[in-house]
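These features come from Swiss-Prot:
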type    : residues                     : note
LIPID   : G2                           : N-myristoyl glycine
DOMAIN  : 24-59                        : domain 'EF-hand 1'
DOMAIN  : 61-96                        : domain 'EF-hand 2'
BINDING : D74, N76, D78, T80, E85      : Ca(2+) 1 binding site
DOMAIN  : 97-132                       : domain 'EF-hand 3'
BINDING : D110, D112, N114, E116, E121 : Ca(2+) 2 binding site
DOMAIN  : 146-181                      : domain 'EF-hand 4'
BINDING : N164, K166, E171             : Ca(2+) 3 binding site
Amino acid sequence: MGNSRSSALSREVLQELRASTRYTEEELSRWYEGFQRQCPDGRIRCDEFERIYGNFFPNSEPQGYARHVFRSFDTNDDGTLDFREYIIALHLTSSGKTHLKLEWAFSLFDVDRNGEVSKSEVLEIITAIFKMIPEEERLQLPEDENSPQKRADKLWAYFNKGENDKIAEGEFIDGVMKNDAIMRLIQYEPKK
């Protein structure tokens, strides 16, 4: 009775998440219970997020990428994710090639948050992605994609950009929607 914090997910947040994700009320309630157990204060810090993310990629170094993912979803810049931000992150990073996922991908690559992506930002994110690829898979990559620099160069060439050019959000989304090879370059799908 003296506990002022409710352990139940508010109806308002539940309805918002049901409307904006593919998750059912039961799934959201179950995930909320787990989130509350892991994060009793209702927030997850970047280091905790990195640890959890690392569990999905045990044979690689996903911490750098996890940091960028965390930054892209910490919409209020408070250094934590609440349950709503966490579920949106799960939804967008696990769904297919949707417009929303591509908006998120652009925000991931837009490291300095200036509304444009530079080649150095592309290289920074691709380097973080590359560290998630286990060594045995890296050895099987095509010659023109077997290093972060080569992948960044290939991506930049798809967009027909010079070294100092920038990519705007609409151009990024259109390019990825029209070319599956670009999608493959900007993410890592672990082999089953």
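Heads up, the Cβ atoms here are built off N, Cα and C, so glycines get one too.
In the three-state DSSP assignment, the secondary structure recorded for D110 (Ca(2+) 2 binding site) is coil. Each of the binding-site residues E121, E171 was scored by the number of other CB atoms within 10 A of its CB, and the lowest score belongs to E171. Distance from the CA of K166 (Ca(2+) 3 binding site) to the CA of T80 (Ca(2+) 1 binding site) is 30 Å.
Secondary structure at N76 (Ca(2+) 1 binding site), as computed by DSSP, is coil.
The Ca(2+) 3 site, placed at the center of the C-beta atoms of N164, K166, E171, has further neighbours from the same chain whose C-beta lies within 8 angstroms: E116, V117, S118, F159, K161, D165, I167, A168.
Among the binding-site residues D112, E116, E121, the residue whose Cα lies closest in space to that of D74 (Ca(2+) 1 binding site) is D112. Take the Cα of D110 (Ca(2+) 2 binding site) and measure to each of the binding-site residues E85, N164, K166, E171: the nearest one is K166. Other residues of the same chain near the Ca(2+) 2 site, with their Cβ within 8 Å of the Cβ centroid of D110, D112, N114, E116, E121, are F109, V111, R113, G115, V117, S118, K166. Take the mean position of the Cβ atoms of D74, N76, D78, T80, E85, the recorded Ca(2+) 1 site; other residues of that chain with a Cβ within 8 Å of it are R43, F73, T75, D77, G79, L81, D82. Look at the domain 'EF-hand 3' (97-132): DSSP puts its residues at 23 helix, 3 strand, 10 coil.
Note on proximity: among D112, E116, N164, K166, the binding-site residues of the record, the Cα nearest E85 (Ca(2+) 1 binding site) is that of D112. For N114 (Ca(2+) 2 binding site), the nearest of the binding-site residues N76, D78, N164, K166, E171 in terms of C-alpha separation is K166. If you count neighbouring Cβ atoms within 10 Å for each of the binding-site residues E85, D110, E116, the highest count belongs to D110.
Here the C-alpha separation of D78 (Ca(2+) 1 binding site) and E116 (Ca(2+) 2 binding site) works out to 23 Å.
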